[in-house]
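Single-structure report; data block below.
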Amino acid sequence: MEKKTLSDIATQGKRVLMRVDFNVPLDENKNITDDKRIVESLPSIRKVIEEGGRLILMSHLGRPKGKVNAEFSLAPVAARLSELLDCPVGMAKDCIGTEVMQQVLALQDGEVLLLENLRFHAEEEANDADFAKELASLGEIYVNDAFGTAHRAHASTEGITHYVQTAVAGFLIERELRYLGKALQEPERPFVAILGGSKISGKIDVLENLFKKVDTVLIGGAMVFTFFKAQGYEVGKSLVEESKIELALSILEQAKAKGIKLLLPTDVVVTAEISADAESSVASIADMPNNLIGVDIGPETAAAYRNEIIGARTVLWNGPMGVFELDNFATGTIAVAQALADATAQGATTIVGGGDSAAAIAKAGLASEITHISTGGGASLEFLEGKELPGIAALNN
């Protein structure tokens, strides 16, 4: 379903209430340690300011548990946003109430006001109707540009849309829908999905939905050991979800029945302990040492996976190939990241969904060489599972 976006509406002279994701990390001195999320929302913000709209921004930060807590104030965000925009950004003391309404009504064309943390009110996460209605009264147009919270039906993402006539997607959400949506609806083929991570249970719904769309699935991360155990291999001390062995077998059978090429590693990196200075070696799946742990895909597997990725026209990656947080076990994950960048250079559409894979791309220094890196962890996952995201479903068609 096509959604109306910020491009479809005129904001000049209008009060524009925009839900953004300013949930940024702060150090103990309230300094923002990574402003990526603020930077990502700038195109939508600038469009409203440049058109002469009166912009009211709202977001959550951290988990203040429905109470006012100065530690989670958005004041540092207002200061950083002001620097990035090179114009003043007003900071409200709350997100509802008479004083806030006065500040909103005093806004001139092209001015910006940031509301205080939505989650200082328990009503936000409870999707309370009265709270949503009060938020809605602040604006004449509602824009949602917070993909990271689109899978939650909260007052500022879903409830609010019942009390506004115009509810549209910002540029960030538009971009997510364009790339994730196209991959699931009408991908250019061959379509290769790479799934990693430690547990099959976390990826089963994604796998089952992707089986309706993909040509090839490459599997990495610790979840491979549950598949190997299901096939009767010894996996040493590697992580296995014993309760998911039947499920692993049924996934392999489903892939076969649907004519999907599903590849598992042929070799893995093994170690006695998971630490930054641990020794490691490569073992083939057929003879894994019984006292070691598998922590990454091996070089033979990395080369085979690269071939599949390079030959694809659409590539979707969710989840690392191993314990990539430690440099000594990051080789397989970095190799996959590089293969994605090379496929992109050859004209493929490459999409990275979820926090860990995005972190791996950043670690490899390849973020600018991928078509689209999704900004939502849980939201991307639910989208890939084929679920409807309440924050997006609620916007105008």
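Glycine is treated like the rest: Cβ placed from N, Cα and C.
What Swiss-Prot annotates here:
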type	residues	note
BINDING	Asp21, Phe22, Asn23, Arg37, His60, Leu61, Gly62, Arg63, Arg119, Arg152	substrate binding site
BINDING	Lys203, Gly294, Glu325, Gly354, Gly355, Asp356, Ser357	ATP binding site
Neighbour count check, CB within 10 A, over binding-site residues Asn23, Ser357; minimum at Asn23
The answer, for which of the binding-site residues Asp21, Glu325, Asp356 has its Cβ ringed by the most other Cβ atoms inside 10 Å, is Asp21
Nearest by Cα to Asp21 (substrate binding site), of the binding-site residues Lys203, Glu325, Asp356, is Asp356
Candidates His60, Gly62, Arg119 (binding-site residues); nearest Cα to Glu325 (ATP binding site) turns out to be Gly62
Same chain, |i - j| six or more, Cβ under 8 Å of Gly294 (ATP binding site); the result in sequence order is Ala222, Val224, Phe225, Val235, Gly236, Ser238, Val268, Val269, Val270, Ala283, Met288, Gly322
Same-chain residues at least 6 apart in sequence with Cβ under 8 Å of the Cβ of Gly355 (ATP binding site), in sequence order, are Gly377
One of the binding-site residues Lys203, Asp356, Ser357 has its Cα closest to the Cα of Asn23 (substrate binding site), namely Asp356
